[in-house]
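K.L.:
Feature table excerpt (TrEMBL):
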type	residues	note
BINDING	A:His181, A:Asp182, A:His185, A:Glu197	Zn(2+) binding site
COMPBIAS	A:32-42	compositional bias 'Basic and acidic residues'
REGION	A:16-50	region 'Disordered'
Amino acid sequence: MLLLLRRAAARAGVPLLRAGPGSPGNAGLSRSEPRARRGRGGEEEEEEDEGCYQLYPGHIPTSPLQKALLAAGSAVMALYDPYRHDMVAVLGETTGCLALPNLRDKMKHHPEGYRILQERPRICLSTLDMSRLRELPDGSLGREYVRFLEDNKVSPDTRMPAKFVDDEELAYVIQRYREVHDMMHTLLGMPTNMLGEVVVKWFEAVQTGLPMCVLGAAFGPVRLSARKLQVLATELVPWAIRSGRNASCILNVYYEQRWEQPVESLREEIGIFPPPAVCV
Amino acid sequence: MAAAALCPCQAVLARRGGALRALCGSVRGLAAGTQTHFGFQSVTEEERREKINQVFESVAKKYDVMNDSMTLGIHRVWKDILVHKMNPCPGTLLLDVAGGTGDIAFRFINYIRSARERQLQRKLRQHQNLSWQEISESYQEEQFKPLGDSQVVVCDINKEMLKVGKQKAQYLGYSEGLSWVLGNAEELPFDDDKFDVYTIAFGIRNVTRMDLALQEAYRVLKPGGRFLCLEFSHVSNPIISRLYDLYSFQVIPVLGEVIAGDWKSYQYLVESIRRFPPQEELKAMIEDAGFFKVDYQNLNSGIVAIHSGFKL
């Protein structure tokens, strides 16, 4: 109920926010600016009488102009400095306005996806029982996932929370997509080096249609050596595209309830073809 | 007694917007410390100090890069104009408050160095009838004083900003005539009547009690000393004001997010500029602290203003 009310308020509020470039016009701007600037502490403070446009914790309301500038700026910065993962995240959020509702609908119309949308599970160190996962048999999803995290020295907690998505449910969808990204690495058997990331991006681009994935897939290879480019073009990309097309929606899998399932069986169930035998 | 203390606060709040808000502010103020603003939010003074501290801790490393991108490099011109207006001569003792990354201090040193060189050249020209021996002796004496006893003390409340400033000084090769002090503008760790010039560039906006800072400035200046304040101010021209607002609110937080990965600090920046008193009001506040011949110079139609006053 609260969700519906908030969504209605958001739909009413967000268009009023900044009707266009001219609106934050005069010196007495205090009225038209979103009051939702929370201090860096992040905690809810006394709200101003103007009301709150923040749809979820961490949400920063933005005007269409700001979104356009963010999209352009983050694309350039992500290319310039590939280690700026936050820029890749911002690019995904600002350009996903068509793809995210699509993904959300795919989830809604699938029983497991629908359950995920209702229960809103999160993959982070506080919700994962790492010791239990480590004890699972080799080849199971849980064991291979933990192995992937340890081999590549990554943690599920480094995912940026959504900031610029103007819908609370879509913010969860993109958050879920980010958290499931590591699962993709595990299922596709790709490490987190540049080549592995590009392969996963190709797969995700076909699966989700997110412009950020398409851009990443297209521009990522720019930084690869000729030999790697050849492997990419001849073996990995065709496989990634075929798997992406064949597989069902990866967001419709409740991974947290399938830790014991062997990776091979999960691949078959989703429709991912076995990875080619190349050194990535 | 509490009501009297809250009166100036209430007056400011009433002017800013709504008697109701002022009333709420004073009620909250009684409950949890005097109310003030942080950008467009209303917070207590303690909260404001803490938040500003966090803002500068987070922006310190990218401070200079962000300044260049937000102002398209124009901030360098503003700072040059400030130092030219100051027109220091060798032997001046400068206190640069909120001087964190050292921009004003370095410009001061450069200015003094070139003024000193001109001074030396002038001296030499007057002594052209001296013998070679005497000329080389005079070189020897002057060599030990390239700055001619000028000193600049950079004072900042934030350790991170000072750290960045010291690293910059090392990188750029500034070593002598420079001191770095951790201190609060509202309560300076210096004795009375010490400095010839006091500058505060883009810092006074972040001071919670501006009246205290101005009083401290008056205290530490020598009689005859000059107070200079470079700060964002109010644009009266409506067209420029609209463009400026558009740029501030639409572009600057985006730049903050893309370059520094920090939207909120730069949102605070543009909001705090709007909250800052306009030129005439700041002039009145400076006069209240005891300064004479207070005047201001608008730069770029009032986007930035330099206020100047003298302790007589």
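Positions of Cβ are set from backbone N, Cα and C atoms, glycine also.
Each of these features: where is it, how hidden is it, and who are its neighbours?
P.N.:
Its Cβ taken as reference, A:His181 (Zn(2+) binding site) is surrounded by 17 other Cβ atoms within 10 Å in the chains shown.
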K.L.:
Identify which of the binding-site residues A:Asp182, A:Glu197 has its Cβ surrounded by the largest number of other Cβ atoms within 10 Å, counting every protein chain shown.
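P.N.:
Buried the deepest by this measure is A:Asp182.
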K.L.:
For the recorded Zn(2+) site formed by A:His181, A:Asp182, A:His185, A:Glu197, name the remaining residues of the chain with Cβ within 8 Å of the site's Cβ center, in chain order.
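P.N.:
My list of surrounding residues reads A:Met183, A:Met184, A:Met190, A:Thr192, A:Gly196, A:Val200.
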K.L.:
So how many other Cβ atoms are close to A:His185 (Zn(2+) binding site), meaning within 10 Å of its Cβ?
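P.N.:
Within a 10 Å radius of the Cβ of A:His185 (Zn(2+) binding site) lie 22 other Cβ atoms.
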